[in-house]
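Participant: One structure, pasted below without further comment.
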Amino acid sequence: MSQIPTHAPVDPVALTADLIRCNSVTPLEGGALVLLEALLSDAGFDCTRVDRGGIANLYARWGTRGNGKAFGFNGHTDVVPVGDEAAWTHPPFGAEVDGDWMYGRGATDMKSGVAAFAAAAIDFVRDTPPDGAIVLAITGDEEGESTDGTIALLDWMEEVGERIDVCIVGEPTCPEQMGDMMKIGRRGALTAFFEVIGKQGHSAYLHKVINPMPAVALLGHRLSTHTLDEGTDHFDPSTCAITTIDTGNPANNVIPAKTRMTVNLRFNDLHSGDSLTAWLREEADRVAEDTGTTIRMTTKLSGESFLTPPGDLSDLVGKAVQAETGRQPTLSTTGGTSDARFVKNHCPVVEFGLVGHRMHQVDERVRISDIEDLKRVYGRVLTEYFAG
């Protein structure tokens, strides 16, 4: 016989509104994690603040450590700046409702996702306490540098012997309709910064100068037109895009001494940050030799590509999505990076959340009925996971 609920269910829509009203523009905590800690503690979760480097993080676990299997949720409460507040039709931290829409910064990315999994987890442990543990790892550093957020939580977990066996990151994953996409991996991201150095001089005396501009144009052409691969079963082809070329030369009769170029690569599991850095260095050296310039290069790796192969976890989430939304989510690795790139070093991870095409925009908003659907999806995932 199923257990009769003894508590009123947590309203994920009201919780989303409460979180939106917290001004938590990264790296500010803004009261969002304080609010969640109070709510989760009241529901019997053991909460620990894992702050590092001025960043606030919250680790909440229900269940005895080491007792049975552990299901994890990961998300963030920090948000990007609002931009031109005068352009908003609703206050960005007002959580105002207009029809089936709630407006506010973080409405989509991703205070609604955090509210949905927190509400689902609380209701689940109150109504059907599992033989195991549920962990919520929530950071205030995803939209910023991401160095003291989920990484800090995972480092702390390793130090104290905490673990999760599988994890859902609640980022907005659906491009058009609630339930239409789940992320089972992400492309890697690498940025390269080039400084091309020539010899400054008068543009009328080209024999006395070394112009860095043709060199940077040649390098940019070689990098951006090179076919890195044709893609794989689960990944699109890797790409290399020029994002900036800067000279800072206001004079029309002076050959500049140097120019800078930045390129951004998004790569699949046929490559690594090291292999692509080696390729970039080789191309830069070739252009430098051909043009008589000196080319300096530095790189920043935001994350390696990763894949959680289709299997038990994606099947579990996919069936829950199908049951609650009527849609079978496409398994995808598209989009930018997320904190799943850190979680994947700890346990199998997939991402599933709301429709994301309004995130980071003026008048960011979320469909209220989608928040309710997402809570039900997460609740069904927990039910099926602990029943297995």
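Just so it is clear, glycine is given a Cβ too, placed from its N, Cα and C backbone atoms.
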Participant: Need a hand: Swiss-Prot gives Asp109, His360 for Zn(2+) 2, which of Glu85, Glu143, Glu384 is also on that list?
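Facilitator: Of the residues offered, the record points to Glu143.
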Participant: Among His76, His90, His202, find me the residue Swiss-Prot lists at the same Zn(2+) 1 site as Asp109, Glu171.
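Facilitator: Swiss-Prot names His76 for this Zn(2+) 1 site.
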Participant: Whose Cβ, among the binding-site residues His76, His360, has more other Cβ atoms within 10 Å than any of the rest?
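Facilitator: When each Cβ's neighbours within 10 Å are tallied, His76 leads.
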Participant: Could you name the residues, excluding His76, Asp109, Glu171, of the same chain that surround the Zn(2+) 1 site, i.e. Cβ within 8 Å of the Cβ centre of those residues, in sequence order?
Facilitator: Gly75, Met110, Gly113, Glu142, Glu143, Gly170, Pro172, Ser338, Gly353, Met359
Participant: Counting across all protein chains shown, how many other Cβ atoms sit within 10 Å of the Cβ of Glu171 (Zn(2+) 1 binding site)?
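Facilitator: Other Cβ atoms within 10 Å of Glu171 (Zn(2+) 1 binding site): 25.
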Participant: If you count the other Cβ atoms within 10 Å of each Cβ, which of the recorded positions Asp78, Glu142, Glu143 comes out on top?
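Facilitator: Within the set of recorded positions, the most crowded position is Asp78.
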Participant: Quick check: with Asp109, Glu143, His360 left out, which same-chain residues have Cβ atoms within 8 Å of the centroid of the Zn(2+) 2 site Cβ atoms?
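Facilitator: Close Cβ neighbours, site residues excluded: Val79, Val80, Gly106, Met110, Met359.
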